[in-house]
Every structure is written in structure tokens, then in C-alpha cells.
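Record features, source Swiss-Prot:
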type	residues	note
REGION	1-20	region 'Disordered'
COMPBIAS	8-20	compositional bias 'Basic and acidic residues'
DOMAIN	24-104	domain 'KRAB'
ZN_FING	194-216	zinc finger
ZN_FING	250-272	zinc finger
ZN_FING	278-300	zinc finger
ZN_FING	362-384	zinc finger
ZN_FING	390-412	zinc finger
ZN_FING	508-530	zinc finger
ZN_FING	536-558	zinc finger
ZN_FING	564-586	zinc finger
ZN_FING	620-642	zinc finger
ZN_FING	648-670	zinc finger
ZN_FING	676-698	zinc finger
ZN_FING	704-726	zinc finger
Amino acid sequence: MPCCSHRSCREDPGTSESREMDPVAFEDVAVNFTQEEWTLLDISQKNLFREVMLETFRNLTSIGKKWSDQNIEYEYQNPRRSFRSLIEEKVNEIKEDSHCGETFTQVPDDRLNFQEKKASPEVKSCDSFVCAEVGIGNSSFNMSIRGDTGHKAYEYQEYGPKPYKCQQPKNKKAFRYRPSIRTQERDHTGEKPYACKVCGKTFIFHSSIRRHMVMHSGDGTYKCKFCGKAFHSFSLYLIHERTHTGEKPYECKQCGKSFTYSATLQIHERTHTGEKPYECSKCDKAFHSSSSYHRHERSHMGEKPYQCKECGKAFAYTSSLRRHERTHSGKKPYECKQYGEGLSYLISFQTHIRMNSGERPYKCKICGKGFYSAKSFQTHEKTHTGEKRYKCKQCGKAFNLSSSFRYHERIHTGEKPYECKQCGKAFRSASQLRVHGGTHTGEKPYECKECGKAFRSTSHLRVHGRTHTGEKPYECKECGKAFRYVKHLQIHERTEKHIRMPSGERPYKCSICEKGFYSAKSFQTHEKTHTGEKPYECNQCGKAFRCCNSLRYHERTHTGEKPYECKQCGKAFRSASHLRMHERTHTGEKPYECKQCGKAFSCASNLRKHGRTHTGEKPYECKQCGKAFRSASNLQMHERTHTGEKPYECKECEKAFCKFSSFQIHERKHRGEKPYECKHCGNGFTSAKILQIHARTHIGEKHYECKECGKAFNYFSSLHIHARTHMGEKPYECKDCGKAFS
């Protein structure tokens, strides 16, 4: 064999020239495909391959002469050009540029067939990298040249019968060999018989799993400096590196969104054009990408080949199994630097970041509402269309989302697959388990900026925020009542009251006072006013209540908690209803009007109480003295005259009161506060009632008349004293002389 005279063979490895020309074999930097694999690639995948190979050619410096970009583009744009002449031309270029002295014979026609995988025996080997690079029969070299712009790989071969046809109705491809048709059919069935033992990923081709295993073994020539993964080809290494650098060189011209791969961009562009080339033969549903189509096919087959070793749950995809396994391992690879919170899924992490920044990139065209994630936006869109695809077979209830439907089904089955490792308590959803976990750790990482209250989850913090903003985004279409939580709206819509309100029907009648009610629940609560049943007891003072809401409200009198604050004057209240009523003092709104006298009220309860002044109804009767009252609150205050209970104590003078209103008036005396001023004389008073009584002295009005003599008085107390003169009653006696006075 003649001595190789190429300069890279002759020069000393230590010279500067040899250091500059660091040899790289083309088979190391090219992606290797078999013919069967190539025929299964779609146009976008072939174009991606073409771009990668172009980049590889441009960067390749192992051959003494650079390959012209212009020529490369020309080869790709002319796929029908003679493959034989193309190979011979490249061989001649290399021969002319090198001086290795090797001879090359003409390559026979059958050696230029794509199925050939070994170099032609007529091509003599050479120890120099230039000769090794020729590799005419090598599939890596062949494939590097035959990238196309949309033409099928087999268009390069114009000869030979193709007896094997694909049986799929929408695929008319034909093949020369039976293995090729079997491989093609896997693309339709989704069959991937080759599974990786390390990560579980599956492949259609045996060659694909061999390439994939290089990443795990670390035997690849090109190792990633970020994660240590190894690759057998330089092009795959470059593409992988983008996952770390975040480089997205392919940008959508319509919306500006960027992508790591050109194939992904092409799939994305279909969302703008509406093109869905992959159609399901069973339900006619169409998809943008082949991967989405294959995933959908499994929904018809019911196939779930990937099973969790911990709980036995099965999944249709390996990615779903991997995500599920994190619920058992507790692994949270995505960490928020701002709050230090770990998240199991990338999509959850991205949504979490947007929630903290306030970014809502998904806008509803109908109502303008913004959303943090595409999934939330898609769910919201269904509220406008009314679409509910998932229907429960047991109760007929329908849902927008499959996840909501699955969660609902567990109510019927009683299934609670998420179990707390500390206390054994089980839950229907992973999110419920995560929130519950905070009860053991005591961790509440989400703090309200308004009041400092902390919560276990961001959703709880968001919902709490509405108590400060007063936001009630969920409104009943029937009665207009608004709610802070969608759950409360759903409960409201299911109530009998809501159903019967339009007709005015009140089928539940009290046998004692004959009052009517829309719902059984309201009726049962009312019955307790007659029976005196109070099952909810305060742990601090022992006071009992008819319903748990009343107990919760009462407990705030002990804690002093007033979470509902007026934005106009800063006054705080124990309940949202009290805040709403108070806000009407600023707006002057009085929506509840008496039909008999036209008097208006700021709250419904005051209208109801007022209505009894017309009817004379007093349904609340004292069991000790038989005295009756128009409202339950008046009865409760009266009962304290029998029990002697005075729960409201002044901290200044320790005087106690049975009524909260009396306690408030008393406190004003200590502060010197007199907010009610007389328009006639300018005098100030501690309460509105005292002002009303005083006003009578100016207008001469005397409401209280003696039935015995007809004398009239401004005040009830004056009439009461006067009445004693008729009865001869003198309750006040002097201790010194014994004289009595009325």
C-alpha cells in the first residue's frame, strides 16, 4: 500500500498546524438513520434533520477543503440529481485536495443503493482521516447527503418493485421488504417494542434504543458539560445543549413565540393555520402532530401499559407515570428561588412563577379575563360554550375536565388513593394531601400582605385576599347573589330556596307560628327557635348556638378578630354581612322597602322586623314570663334580665351590660364622644335614640299619652313616672324619715 502523503499524516502532532486541524470523523457528527426509519419521518422531522446536517457540514473541518454552503444547499434542493455523480464528484474533490496517493476505482451501481451499509471493497482503506472520511458505502455518509425538502427518501431510487403495501386506509405507502412494512405499521399502531431498562422510554426501532443507551452508559464521544449525558453524534449533542442554555433559535412570525427545534415550530404554526393533518379513523378527531394523534389512539384502545410499582395505578404514557411517581417519592425538582417552594412538575413551576409576577399571558376574547396557564384558559373557555364532555354514569353530572370527572367518580367509589405517611389519613387528590401535610409541619409559607395571616397554599391565600378586596366573582344568574368561592355558588344553586324563589313557593310551614320556608334546612334551623335546641357550644364561655356559623361569629367576640375592614373609614367588622350593611351608611343605599308604608332599610332583617310592626306579629316568646318579641335578638336580650347575664363589660369602670348597643353608648361617655348632633340647638348626644327623644322638645311632639287623664309626654320614662300618681305607687323611700316618692 502506498504511503499516505496527506499533510495530516506527515506532520508532527506537536506542530501548530496539526493542533489547528483537530480531526473529527464525519460518522461521529452525523445522525445515522436506516432506510426504514427515514421513510417514517414526516416532513417537519426531515427538515429538522436537513438543518442539523447543514450545520454539521458547515462546522466540519476534518477535510482539508471546506464544503461550500452554496453547494450543500444545491444538493438538498435538487434531490433527483444523480446520487452516483454526486458521490463521484465529492470523491474527486477530496482526491484533488489530498496527496495521500491512494487510488479509487469506479463504484458499481449496486453499491450506491441506500440499503448498502458497508464500504465498497474496491475502495482501498487509508490510515489518514481524509481517506477514512470518504466511506462511500457508509450509511452515515449517504444519509448526510440525501436530506430533502419534502421529497420522500425512496424517490432517489427509481427502480425495483414494491409489493408490500401499508394496510392503513389513509396511508398508500409501498415497500420493497416485509420488515419495512412492519416498521411502518408500528407508526400507526403506536407499538414501541424496544424499552429502555434504565428510564422506561420506548422506541419503534432497535437502532434507536442503541443510540439512546449511549446517554445512560456515558460511552458517547460528546459529553454534556451540564448534566454529563453522552452522545454518539455531535449534532445530537448540540441539540441537547439547548435544553440547558435555553436557546430557541426558531421563532414564529405570527406570534413571536420561540422554539428549540424547527419541527416544534412547524407543529406550532399549525395552531395559526388550523391545519390538522393527523385524523383519527375511529372518531374523525384531528391533531396538529403525530405524537398527539398516537396519544389519542390509546383512549380508544384503553391501553395503559405503564404501571406504578407503589400503588399499581396504570398510565397510557411513560411521562404520566414519571409524574405520578413523584407523588410517592416526594421529589420536587423545580424550585422557586423567591419563596423556596419546590414543585413536582415543570408546568406547575411555570404557573407558580407567573402567579408571583402577576403575569397572565392567556386572555379570553369574550370577557377579557386573564389566566396564568393555558389549561386554566381552556377550562374557562368552556364556561362560555357550556361544553361538558365528561358525564358521570352514576348520577349524570357533567364536567368540563377529565380530571374533575375522575375526582368526582371517587365520591361514588369512595377511593382515596393519596395517603399521608404520618397519620394515615387518605385523600381524593394529591393537592389535598399536600395541603394536609402542612398540618403536621405547621408550615404556612404564604402570608397575606394586608393582615399578615399565613396559609398553607397559594390558592388559600388568593381566596383569603377576597375578604380584603370584597371581590365576589361568582354570581348567581337567577337571583344575582354573588359569592367569593365557586363552591358556595354551586351549593347556592343546588338549594331548594334558589329553585323555588322565582315561583315564591314556600312548602315548609312551621306548625307553631305558620311561617313558610323555601328549604328544609331553613325550616329545621327555624324549628330550633321554638324547641330551644342549641347544639353548638362555645368552649370559652359555654354559650350555645343553633348553627355553627353563629358559633364561629361568636368566637370572634372572645378573640377580638375583625377581619372585614371598610375601605372608606377603616372600621372593622366580625362578619362580611355586617361590613356590607355598614358600607350602605356611606353609599346611602337602602334596597329593602316596606310595601305598606314605603320605609326603606339597608338590610333585609331590619325590613322583616319592621314588617311585624304592621302585622303585630311577635313570634319569639319568653318561657319564663310569657312576654313576646318581634325578633330573636330582642328575645335573647330580654332573657338576660332573667338570667342576670351581662356579657359586655367596660374596661374603664368595669360596668357590665346585657346589650352590646348599650355597651357602645357607655364607652362613648368615657371618650367624651357625642357623634349625634341636634340641628336645632347644636347639642351632641351619645346615641341616635337620645337625639330623637331630644328633638321632640323642639317640635313639641309628645308621643306618650296617659290613658287615665290624657296628659302627653315627650319621653316614655316621664309617662311611666306620671302613671304612678294614678296608681298611688311610690317605690322610692327615704331611709332617714321613711317618706315615699313616686
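Glycine is treated like the rest: Cβ placed from N, Cα and C.
Between the zinc finger (648-670) and the stretches 194-216, 362-384, 508-530, 564-586, 676-698, the greatest number of Cβ pairs separated by less than 8 Å involves 676-698.
Secondary structure by DSSP for the zinc finger (676-698): 11 helix, 4 strand, 8 coil. For the zinc finger (508-530), the number of residues in each DSSP class (helix H, G, I; strand E, B; coil) is 11 helix, 4 strand, 8 coil. When each of the listed stretches 250-272, 390-412, 620-642, 676-698 is scored by C-beta pairs under 8 angstroms to the zinc finger (278-300), 250-272 comes out highest.
Long-range neighbours of the zinc finger (362-384) within the same chain, counting only residues 6 or more positions beyond its ends whose Cβ lies under 8 Å from a Cβ of the stretch, are 347, 350-351, 354-355, 400-401.
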